[in-house]
Structure formats: structure tokens, C-alpha cells
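Q: The structure is given below, and queries will be raised subsequently.
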């Protein structure tokens, strides 16, 4: 829905998305767009002008979305930010997950606070070319619950967009909460006039996740946001065989740790096995996973990232997997996906042109 146009799948007597009765009139009952129309602000939004002025110094804006919570969206956002900054891009990471801000933790910025200058709110910096903004920096303590309704969430998102002074950015990555609710509508409506490159959607392989991710893809299509691609995260559990713990189960269910015996046996009988990577599926992917969904919905598939315990560790530590020698399975997978994104969208020209 753009500029008040009536969507193609609207009910017969649709009052229009900018009408005061949008989503509330009898004609709206049963319309698939009812909730979006009912919660969307009506008429010209006075905040769009200052937001456009702030975003004028940002070359590319990328949304990171997921239909389902717990699929590793924020982990991907954090590692994408680390990777782009490592390539000497100027990067901003905006966390609009108001109720569950995990970006400060994943960037190693817990306990930091926002500072103000005459230019506006200053991001918290990991490096000189990687700045972060999150409600997590504003909470009196990390256990504080944010119990806000939609309008207050939307107000903070607008404040982030119009009051944060990012300076010149090559990329602004927006880490959104799961779903297709107020925060998503707000961020799209506020950024749409300034141009959004598109959305990266993160999922896991099983149908429980893909059911909701299909809704996310359809949301992007309805609001006119290009889907840059889908990442299948936690596609399988992979790690060096030497990182596994081996147990022997007795008939009565007791477990005995035989890890040391297994290692010694392999060293003696099959030393070449010590260099192997062991993988197993964690989620049921018999439905075809993200690859099949992308083919059916006509959106790009970017690749698979394994469930790597070492990636979980760097996320907890707030560091980059690309500088950690132990992330031997996740870092190459993420690097390939990010390099494909850069190449397919022409972003590498930013550096070669000195822009």
C-alpha cells in the first residue's frame, strides 16, 4: 500500500488506507489488510520531513526480519554489521526490537549509555565505523521490562530515526522484532519515502518457522519492500568432531562420559577422523526448508548457516565470528552469504568508487 492506493486484495467497498475509517468500517470486516489499515497513521505525518533529512546521509537501508522469534535474526544482524564494518564500510545498526533488545549484548555494548550533543543522540560505537542504537541503552537495568502499547513503540522508533545523528553511513541495518506488527509498519512507513534497499528474512528449516516466514514475505510484498533474500539459519548442527562429548548409555539410562576413550581410540586407529566436521539435522526439513519456500514464493535464497556452538559463544561475548578461529563452520557460511549480497546489489562499488 503506497500513497493511499487501495490494495488489489481489498474488499469491494474499501474506504482507502488513509481514511479515518480505514480498518474500522463494516466494509473492512474480513479484509486481509484490516489490521494494517487500522493501526496505520492517517494523513501526512509531520515526522517524515525530519526523518528524511536524517536519512539523507545514509546510502543504503537494510531491514532484517523474521516471521518467527528465536531463529537467529539478531545474531545475523550483528554479524552482518561486523562483516560490513570489517570491509571499511561506515555502518549503523538500529535495534527496533523494543521489548526484546538483544543487539547491545551481541555487539559487546552492555552497560553503555546514549549521549546527546547539539547534533542529536549519538550512537554507541563498537569501532569508529560501526555505531549502534537500541532501547537497551536507555533501560535503568537490563532486567527492566518494556510494557508499551503500539503508539509508544512507534513514537520511539520515530525518535530513533529523526534524532540519532549517524553522520555519513554506507549502510543502516535495522534489526526488527519477529512478526508483522506495529514496529514493522512504522519503520516501513517512515523509511519508505527515503528509499529502502530491501529486507533480509531469516528463518529456520522447519515448517513451524516457515509458516510465519511466508507471512513476512507477503508483508514485504504488500508494503512494497524488496526481499533481498532469505537465510536459512540453524540448517544443521555442525562442529569439529573433537568438540563433541561422547557418552555411553546404560540399560537403566545412566550416562557415562567416554570422550577421552573415543579421542584416544581415534588417535590410534583413525587419526584422519580428528579433522572431520560432524553434522546432523536438528529441525525437521522434510518439507523442503527455505529453498522450497523461496522457489514457491519467487524470492531469492541466500544460503544456509549451520547451528554452530562457536557462533553462539561469540554472540554471547559480543564479538565477530570472522575474527574467531574457532568459528570454522559458521563464519565461512556467513561470509559467502554476505559476499553474495554485496556483489548482487552492487554495494562493492561503494568502496571502489571511494563513496
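Count begins at 1; order follows the chain as displayed.
Each residue, glycine too, has its Cβ placed from N, Cα and C.
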Q: Give the range, chosen from 1-27, 28-54, that TrEMBL lists as region 'Disordered'.
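A: Matching range for region 'Disordered': 1-27.
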Q: Note the Cβ centroid of 67, 68, 69, 70, 71, 72, 73, 74, the recorded ATP site, then list each other residue of that chain whose Cβ lies within 8 Å of it, in sequence.
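A: Filtered neighbour residues, in order: 66, 178, 202, 203, 204, 209, 233.
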Q: Taking the recorded [4Fe-4S] cluster site as 14, 28, 31, 37, identify the other residues of that chain whose CB atom sits within 8 Å of the mean position of the site's CB atoms, giving them in sequence order.
A: 10, 11, 15, 17, 22, 23, 25, 27, 33, 34
Q: Find, for the listed binding-site residues 68, 73, the residue with the lowest Cβ contact count at a 10 Å cut-off, counting only other Cβ atoms.
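A: Lowest Cβ count within 10 Å among the binding-site residues (68, 73) is 68.
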Q: Count the residues of the region 'Disordered' (1-27) that DSSP assigns to helix (H, G, I), to strand (E, B) and to coil, and report the three numbers in that order.
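A: Counting residues by DSSP class gives 2 helix, 0 strand, 25 coil.
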Q: A 10 Å Cβ contact count, applied to the binding-site residues 67, 69, 70, 72: which residue has the minimum?
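A: Among the binding-site residues 67, 69, 70, 72, the lowest count of other Cβ atoms within 10 Å belongs to 70.
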Q: Cα distance, residue 67 (ATP binding site) to residue 28 ([4Fe-4S] cluster binding site), nearest Å?
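A: About 25 Å separate the Cα atoms of these two residues.
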